[in-house]
Amino acid sequence: MGEQKQAEGKLVSEDMVAPPKRNTRFAFACALLASMTSILLGYDIGVMSGASIFIKDDLHINDTEVEVLLGILNLYSLIGSALAGRTSDWVGRRLTIVLAAAIFFVGALMMGLAPNYAFLMVGRFVAGIGVGYALMIAPVYTAEVSPASSRGFLTSFPEVFINVGILLGYVSNFGFSKLPLHLGWRVMLGIGAVPSVFLGVGVLGMPESPRWLVMQGRLAEAKRVLEKTSDSDEEAALRLADIKACAGIPEDCDDDVVAVPKRSKGEGVWRELLITPTPAVRRILISAVGMHFFQQASGIDSVVLYSPRVFEKAGITDKTELLGTTVAVGFAKTIFILVATFLIDRVGRRPLLLSSVGGMVASLAGLGFGLTVIDRHPDERLTWAIAICIASILLYVAFFSIGLGPITWVYTSEIFPLRLRAQGASIGVGVNRVTSGVLTMTFISLYKAITIGGSFFLYGGVAAVAFVFFYTYLPETRGKTLEEMEEFFGVSKKDVKRKKKNYKGEDMVVSSQVQLASSNNGAGGVGVGGTTT
């Protein structure tokens with residue numbers, strides 16, 4: 001009798017246990033390779049912060065030309081991100097990544113060989129197109145290949161590699177700063193072509209996105225990729241069924257190659273996104289645009305690109321010390337983005353995002369205060385104020401990297417429906433780059449108009465508005481499948497609360513039934529669900 005109880009109790013507990021997760025190293029490797037394209041943007045941001053000092057001296061350009069030189073790549077990348085949405089639907093996500101690497105390779109070589117300012121700007125144009133392609137496609141591919149259990153972790157990789165690229169750019173500045181003036185900045189820029197070669201070759205070994213394969217009707221190939229990148233065979237089957245439903249393919253259609261309705265291949269996408277969106281799609285679009293806007297409008301590129309100038313205003317005048325201090329900024333960003341990758345799927349998107357933006361507001365206020373004090377005492381070296389400025393910058397990039405930095409890419413790559421994902425992501429990247437470009441090309445003019453301390457108080461005010469927007473408008477998406485997002489964003493807050501309440505009630509019923517099964521096994525037994533055995 002005791003053995004029967006033990007056996008039946010074991011049966012009940014085994015029925016309640018989720019199937020074990022498969023080791024998804026393959027999905028990890030795919031996400032890693034795809035996300036490494038983001039090094040291209042990060043390296044450019046980092047290297048231009050220091051190279052611009054030497055370019056200004058060598059090519060004899062003024063502050064306005066420096067602003068344009070630094071910020072124009074962001075506007076050029078807008079063209080790349082707009083083209084990448086359509087390109088990725090035509091030729092696939094994988095070949096679009098290869099194209100991004102090839103375009104940036106050409107642009108980096110042109111910048112490294114530039115004999116004058118005009119040629120350098122042409123190189124910035126070409127490199128900007130490549131950056132736009134990379135920024136759009138990396139998070140889209142990563143989200144589409146990742147299982148739901150680790151999607152937040154894997155789709156944070158693009159931001160990780162942006163930070164790695166920034167750090168490499170800072171290190172390059174420091175390492176080549178002792179070269180002759182005419183040579184140093186050209187080596188700094190030209191060496192950026194090297195990573196793109198390895199990326200372009202490495203990506204060829206990756207599989208195509210399973211969701212793109214389904215959009216092309218190639219079900220057999222999609223199934224093979226899903227089986228390699230899912231936590232279990234059951235999840236692979238469910239993911240395939242969900243993607244087929246989104247693509248308009250009948251559930252019972254299991255041929256290796258099938259016909260796909262035209263609308264699922266991309267026709268009418270822009271109309272559905274911008275002209276006749278459903279309430280759910282409208283909310284998704286506003287969420288994505290808002291996140292990308294506030295990520296840049298809170299001043300991150302002004303801090304990262306102009307960090308040598310900010311530190312100079314804070315009282316550090318030696319060029320070697322300036323570049324060395326910027327390396328510390330790069331290390332802080334990289335360390336905290338790595339911390340964020342392990343917290344996104346454990347803690348959730350909203351808690352990290354809100355704590356991140358709150359910390360950014362406080363650190364921007366501290367930076368504005370420190371710079372204002374130094375500005376008002378130009379003849380004194382106020383060590384305590386310099387320390388406040390350095391600490392505030394390090395705290396600012398740390399808070400940014402643990403939340404707003406990676407979560408913007410994670411969140412906006414996962415919320416769009418399959419049929420709208422490529423174009424929706426390209427809109428978000430476009431807003432991101434335009435905002436970054438405008439801020440970068442106006443920062444020097446801004447701080448000359450309202451003081452450098454005032455400019456960071458302004459960014460702090462924008463970050464405070466961002467906090468309110470995120471708190472009131474963005475729902476938590478942790479654990480949701482990509483195919484659930486449209487329905488989820490179409491549900492009101494009252495519906496979400498009611499569903500949570502109902503779910504908790506159902507969970508309590510199941511729990512009580514399991515306990516009842518354990519206590520009554522000796523008297524005929526009651527199985528889960530109340531069925532008499």
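Including glycine, each Cβ sits where the backbone N, Cα and C put it.
Pulled from TrEMBL, these are the features on record:
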type	residues	note
TRANSMEM	26-48	transmembrane segment
DOMAIN	30-478	domain 'Major facilitator superfamily (MFS) profile'
TRANSMEM	97-115	transmembrane segment
TRANSMEM	121-141	transmembrane segment
TRANSMEM	153-171	transmembrane segment
TRANSMEM	183-206	transmembrane segment
TRANSMEM	326-344	transmembrane segment
TRANSMEM	351-372	transmembrane segment
TRANSMEM	384-411	transmembrane segment
TRANSMEM	431-450	transmembrane segment
TRANSMEM	456-474	transmembrane segment
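The transmembrane segment (456-474) is not in contact with the transmembrane segment (326-344), judged by fewer than 3 CB-CB distances under 8 Å for residue pairs 6 or more apart in sequence.
The listed stretches are 97-115, 153-171, 183-206, 326-344, 384-411; of these, 384-411 has the most Cβ pairs under 8 Å to the transmembrane segment (351-372).
By the count of Cβ pairs under 8 Å, the stretch nearest in packing to the transmembrane segment (26-48) among 97-115, 153-171, 326-344 is 153-171. Nonlocal intrachain contacts for the transmembrane segment (153-171), taken as residues 6+ away from its ends with a CB within less than 8 angstroms of a stretch CB, comprise 27-28, 31-32, 34-50, 135, 138-139, 142-143, 145-146, 188, 192, 304, 323, 326-327, 329-331, 333-334, 337-338, 340-342, 344-345, 401, 405-410, 413-414. Under the criterion of 3 or more C-beta pairs below 8 Å, with sequence separation of 6 or more, the transmembrane segment (97-115) and the transmembrane segment (183-206) qualify as touching.
Across the residues of the domain 'Major facilitator superfamily (MFS) profile' (30-478), the predicted structure has a mean pLDDT of 86.
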